[in-house]
Structure formats: structure tokens, C-alpha cells
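Worksheet for the structure shown next.
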Amino acid sequence: MCKVYLTQYGYLPASDPGSGNLRSERHLKEAIRAMQRFGHLKPTGIVDGPTLQLMKRRRCGVPDVVVGAERVRRYALQGQKWPGSNLTWSVISRESDSDIRMVRSQLLKAFEVWSAASALTFVEVEVPTADIVISFLKGHHGDGYPFDGEGSVLAHAFFPGAGIGGDAHFDAEERWLASQPEDEDEGVNLFAVAAHEIGHSLGLSHSSTPGSLMFPYYQLMGEYFTLPKDDMEGIRHLYGSKDQDNQPTMPTILPNTSETKSSTTTKSQTTPTTKYPTSSTKKSRFSTKKTTTTTKPERTTQVLTTASEMPDACNSSIDAISVIRGEVFVFKGRYFWRLHANRTLRAGYPVAINRFWHALPADIEKIDALYERLSDTKIMFFTGKNYWLFTANQLEPGYPRPLTDLGLPQDLDRIDVAIVWGYNGKAYFFSGKEYWKFDELEGRVELDYPRNINNWRGLPTDIDAAFQWTDGNTYFFKGSKFWRFMDVKMKVDTKGPSDIGNVWFNCSRTIEIIEPVTTQETATDFPQNTAVNLASSHMYLNIIVLLFMYRVMVFAFDN
């Protein structure tokens with residue numbers, strides 16, 4: 001628990017959180033001491049009782065130690081800021097049972113804390129393109145920072161930037177209150193958490209100063225709370241104060257008057273140390289601005305595309321497909337879709353790939369292959385002669401690297417498919433007519449490879465994509481078709497290929513198709529498919545009857 005906690009909040013490197021045994025005892029003790037100093041405990045380097053109690057406290061999900069953060073006096077600056085001082089914000093209740101009127105009133109109070117202390121002004125709008133979008137979400141919600149249910153992590157936010165930058169996410173399973181309960185079991189004060197998270201959205205990191213609003217652990221505030229000196233100095237360092245006679249700039253997209261709720265409310269949110277895109281399309285004030293004060297990859301290098309370049313799921317082949325964190329991701333060109341468990345497309349997709357994995361080069365035309373490693377859940381992306389390694393959407397140091405680092409031949413131009421084969425739990429790479437078995441622990445392909453794809457009976461060569469579905473079979477894709485490979489029998493289903501769009505994207509079904517099977521499916525799950533199969537059966541029966549009558553007539557004529 002201690003090593004996971006230290007890694008999660010930045011005290012230990014995130015490159016290999018599962019291999020704490022490889023770290024020296026000295027490094028571990030230094031990390032514990034750093035955490036203890038941040039939490040105002042005696043820096044013993046030992047996980048004693050007070051340290052365990054600190055680790056159990058409810059807190060913000062943003063790391064305490066942020067790469068690239070600048071500490072000025074006491075407050076900490078993350079390095080990114082909004083280019084203007086008049087910002088828009090919106091709230092999406094989503095999965096929360098909280099009263100939306102209570103939520104809005106507490107958020108307004110939280111924004112006013114920051115606007116009163118700086119030159120910032122905030123406007124609430126009812127559009128998903130606001131600079132700061134506030135959502136209440138549960139568990140895994142697509143940004144690489146899953147919530148853990150009631151208690152522990154309460155919320156997280158993203159530093160200023162394009163896409164999801166500036167957004168704030170609150171755990172919908174918490175009991176959010178307008179009151180300030182003395183008993184933790186009663187719930188959590190929304191104003192206290194929101195005011196803290198807004199600081200992140202504006203570019204402030206966590207502060208170790210006692211009493212600071214940006215202190216990472218949950219703390220109650222008085223009814224007439226004003227921003228402490230430490231936080232005030234930080235926000236004014238970024239945006240100035242109202243008495244500096246600097247006119248605030250307007251947002252790049254002005255809200256309609258019908259959408260405007262308040263011209264004086266504040267808008268901002270807390271943010272974890274990395275940004276993760278969502279399906280919502282937000283205006284980018286950072287499309288031409290590049291900062292050198294942060295080590296995080298900029299989304300500003302993103303290649304803008306037109307609507308005509310976006311692929312059509314029902315009229316397209318696919319480049320790559322994989323299950324990541326239990327969810328299906330499908331890639332085509334510079335875009336990707338996400339699928340629900342019932343194989344329907346999630347709303348708001350496709351989305352540009354480097355809105356999510358923003359460290360990937362902007363000039364990448366397509367993803368050749370990808371898969372999530374079983375050994376550490378890190379994600380390998382393959383494009384051309386190189387590969388990238390990500391933890392969630394955070395690029396690991398030292399990448400990209402050439403395919404030859406994996407033991408693959410120098411003349412190999414690309415990987416077509418990367419999968420974990422369910423039959424033995426091993427990773428395999430396919431390219432053209434050949435395939436390799438990959439040893440994740442060694443980081444190289446096994447010596448007695450490559451082998452011919454003919455060993456996978458019935459598969460075509462030059463496959464586009466593949467992955468294992470929940471029915472225990474592996475599915476291979478080429479062009480507009482896919483094949484079901486029966487892992488146990490080690491051969492392709494004799495029913496042959498079927499149409500990708502009809503099955504995986506729920507496009508119009510006009511032909512007999514192979515249906516992936518899940519344990520919950522029944523005959524009534526696919527009424528359209530049943531109708532097609534019945535129609536096909538009647539057609540075949542009619543043909544047989546006609547052929548029989550024809551044979552009888554010919555026989556009678558000959559005799």
C-alpha cells in the first residue's frame with residue numbers, strides 16, 4: 001500500500017510502480033520522509049501510526065510532487081496558465097444524485113473565492129465547450145484516474161490547456177453536502193473540495209503550507225472563508241490582481257446571452273498532473289501557444305482535421321483494435337472509437353487519437369497496432385519502425401524506441417497486429433505472412449521465431465487488426481471483414497468472414513453474420529439477426545424444393 005501511495009502522489013517515480021523491490025531502501029525512506037514533511041509529520045522515513053493515518057485521510061487525487069512545477073516562496077506553480085482572464089465554466093451532473101441547484105450554488109461560491117483575490121472573472125454557460133467542465137463520475141471514467149468509491153480520493157482536476165485541460169472531476173459516489181459536517185461519515189463539503197480543485201484548474205500545484213487551500217488533504221472552511229495569503233500570492237503571480245488596471249480578455253468563444261448565468265461567477269478547477277481528453281469538443285486557446293515551463297507533452301502540436309477526414313464506422317476498415325482497461329478501443333487513421341459492452345459506439349466518437357494520448361507525434365497518420373500488457377497493464381503502440389509505451393495516457397521516459405529493441409528484424413517495416421492470445425496468455429506480433437511470440441518479462445521476441453501465419457489455420461495474410469473478445473475467441477480483421485478464430489480448436493470458424501460494420505458497430509444488417517457471443521446473450525438479444533437468419537433459412541428451403549421438383553421433371557422426361 002505504501003509504495004502504491006508514494007507512486008500515485010509523485011514521491012516515487014511512476015515508471016515502474018509495481019517493482020518497488022528493485023528500489024533501494026534509501027530511496028524508499030527518502031520518499032516516505034518527503035511525504036511526511038509535506039503532511040507536517042516527523043520525517044522518520046518509517047511508516048508509523050501517524051503516517052498510516054495520513055495516508056488514510058480523504059484528499060485530492062492530484063499528485064503532490066508534479067514534474068516541472070515551480071515553487072515560489074511557499075506556493076507552487078504547475079507551469080501552465082490560461083492565456084486570458086475571463087473564463088467560462090459549465091457543470092455536468094451526470095452520475096451524481098446530488099441536487100443540481102445545491103451543486104451550482106457551492107461551485108459559484110468556490111469560483112468567487114478565486115475571482116475575489118485576482119483579476120479573473122468567470123461566466124457559467126450551458127455548453128460542453130466551456131474552458132472548465134465540471135463532471136460527477138464513478139470508477140473508471142476514461143481519463144486514467146479511476147475513482148475509488150466513498151472516501152479516500154474525492155476529486156481531481158486538470159491543469160490549464162486544450163481539450164480536457166482545466167476540467168474537474170468529482171467522485172459521484174461521495175455524499176456531497178452544502179453543510180460542513182463534523183462527522184466524516186455524514187458526507188463531504190462540496191465548497192471546500194471545489195475551491196481546492198479550481199486552484200489546480202488555474203495552474204496551482206499542491207502546497208505544503210499549513211492552512212493553505214491548496215494543501216492536498218480535505219479540510220473544512222469557515223462560513224466566511226477568504227483565500228489564505230499563500231494561495232493569494234500564487235494566483236496573483238499567475239493572473240495579477242483587480243487593482244492592477246489590466247482589462248480581462250474575453251473568451252475565444254463568447255457564450256450566448258441565453259446561456260449566461262452570471263457575469264461575476266468564477267470558473268476554474270483542480271487538476272491532476274496529467275491531462276486526459278474526453279469526447280466533448282472544447283475550444284482551444286492553446287492551439288498556437290507552446291510553453292516550455294512544463295515537461296508534459298503539449299496538445300498544441302495536434303494536427304487539426306476537417307469533418308470530411310473523420311472515418312465512418314459503417315463504411316471503413318480499421319487499423320487497430322484492443323481492449324484497454326476492459327473497454328474496446330478501435331482505431332482508424334488519426335481517430336478512435338470506444339465501444340460499450342453491447343458493441344454499440346459511445347456517444348461523441350470518433351475522437352482524435354492525440355486528444356487522449358497527446359504524447360504521440362502529431363504527424364502520425366495511423367496506429368498500426370497496440371495492446372495492453374498483462375504483466376503491468378502498460379500500453380504498447382506501434383507505428384512504422386517504432387513503438388511507444390504508455391501508462392494510461394502518460395508516455396514512459398525514453399520512448400519511442402525502434403522495433404529492433406524488441407528483437408525484431410532490421411528490415412521489418414511495421415507490426416500489423418499485437419495481441420494477447422487467450423489460449424496461453426502470451427503476446428504475439430503479426431506482420432505480413434509471419435508472426436512472433438513476445439516475452440513481456442524479457443522485453444524481446446522469442447528466439448525460434450518468426451513463424452508462418454499458416455499455423456493459424458484459415459487466417460489471411462496481411463491482417464489489419466485483432467483482439468480477444470469476452471467470448472474467449474480471438475477476432476482478426478482485414479478490410480471490411482473479420483474472422484472468428486477458435487482458440488481451443490486452433491482454426492478459423494468455418495462460417496467464414498463477416499462484415500465489421502454490421503457486427504461491431506451495429507450498422508444495418510443485410511447479410512448472415514457471425515455474432516460474437518457473451519455469457520449474458522440470449523436469442524432475443526439480436527432480433528435483427530434472428531430475422532435475417534430465418535429469412536435465409538426459408539430461402540434455402542425454397543431452393544431445395546425447386547431443385548427437387550426440377551429433378552423429378554427431368555427424370556419423368558427422360559423416361
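Even glycines carry a Cβ here, placed using N, Cα and C.
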Record-annotated Ca(2+) 4 site (TrEMBL): member among Asp231, Asp312, Asp319 besides Asp368, Asp464: Asp319
Among Cys60, Cys314, cysteine joined to Cys507 by disulfide in TrEMBL: Cys314
Residue from Asp99, Asp131, Asp230 that TrEMBL also lists as binding Ca(2+) 2 with Gly165, Asp167: Asp131
Cys314, Ile321 as recorded positions, winner by CB count within 10 A: Ile321
Surrounding CB atoms that lie within 10 Å of the CB of Asp143 (Zn(2+) 1 binding site), all protein chains: 22
Nearest recorded site to His200 (Zn(2+) 2 binding site) by CA-CA distance, among binding-site residues Asp97, His141, Asp167, Glu174: Asp167
Chain-mates of Asp319, Asp368, Asp464 with C-beta within 8 Å of site centroid, Ca(2+) 4: Ile318, Ala320, Phe331, Lys366, Ile367, Ala369, Asp416, Val417, Ala465
Shortest C-alpha distance to Cys314 (disulfide bond) - which of the binding-site residues Cys60, His206, Met214: Cys60
Nearest of the recorded positions (Asp148, His206, Cys507) to Asp131 (Ca(2+) 2 binding site) - Cα to Cα: His206
Inter-residue C-alpha distance, Asp171 (Ca(2+) 3 binding site) and His156 (Zn(2+) 1 binding site) (nearest angstrom): 9
